[in-house]
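K.L.:
Would you mind keeping the following structure in view while I ask a few things?
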Amino acid sequence: MTDHDNQRWLQLWRERRTDFHQHGVNLLLSRFWPAFAPATPSRVFVPLCGKSLDMLWLAEQGHDVIGVELSPLAIEAFFRENHLPPSKRRQGRFTLWRHGRIGILCGDYFALSEADLGPVDSVYDRAALTALPPILRSRYVAQLRRIVPDTARVFLLTLEDAEADATLQQALGVDEELAALYTAGFEIALAHVESLFEPDPQNGAPRRVEHKVYQLTGKRPASPEADGRAAETED
């Protein structure tokens, strides 16, 4: 993120303006993850994790969880509030906080390398993408493609404003911005849509929003051999 965005995020945690934090496990995660997850425990990456309780739930399912979070206050609060005494050590440009199956790298997501992150089987994104300014979202997706293997799958939860004039097909379809961001690198499956009226965070007035569950599967890059065979076929 830009230095301005980083400072704003750190300030939110210093001033405890964290209304975005959910005080329980996300119900869509507990409902749809079991069908998405590998049959055996895996390593799950949680970008921009804050102090999300979803990490506890994932660890309770037997997964190893690795998050990344810019604010040390958020990380400290996660371990303190859940009575988990962490160990801390340097890992590249990051500090790794760990207790049991849960580790959180303290630092900038955009500075994360594949070596810093380590092996990943799945990615859990609950509104990390949509929390970013639109100008940064393509960078977020490009960075994800750089640091996770092509075989990793993404469990993506989004909160989208419902368009008043949207057709039913549009409301129940893949968001246009999301399709533009992910189609080049992932196969996109929309698993669930839930339309609700919720208070507008700006003025409290009711607004209709759509909670969507996406399951993304990485596209493997074409090998040089495959490209050569395709060219021979065309000839």
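Note: Cβ is positioned from N, Cα and C throughout, glycine not excepted.
Swiss-Prot lists these features:
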type: BINDING; residues: TRP13, LEU48, GLU69, ARG126; note: S-adenosyl-L-methionine binding site
type: COMPBIAS; residues: 226-235; note: compositional bias 'Basic and acidic residues'
type: REGION; residues: 199-235; note: region 'Disordered'
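Help me see these features in their spatial surroundings.
P.N.:
Within the same chain, the residues at least 6 positions away from GLU69 (S-adenosyl-L-methionine binding site) whose Cβ sits under 8 Å from its Cβ are LEU48, CYS49, GLY50, ILE75, ILE104, LEU105, CYS106, listed in sequence order.
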K.L.:
If you count Cβ atoms within 10 Å of the Cβ of LEU48 (S-adenosyl-L-methionine binding site), leaving out that atom itself, what do you get?
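P.N.:
LEU48 (S-adenosyl-L-methionine binding site) is surrounded by 21 other Cβ atoms within 10 Å.
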K.L.:
Take the Cβ of ARG126 (S-adenosyl-L-methionine binding site) and count every other Cβ within 10 Å, whichever protein chain it belongs to.
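P.N.:
The answer is 23 other Cβ atoms.
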K.L.:
Using DSSP reduced to three states, classify LEU48 (S-adenosyl-L-methionine binding site) as helix, strand or coil.
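P.N.:
For LEU48 (S-adenosyl-L-methionine binding site) - judged by DSSP and reduced to three states - the answer is coil.
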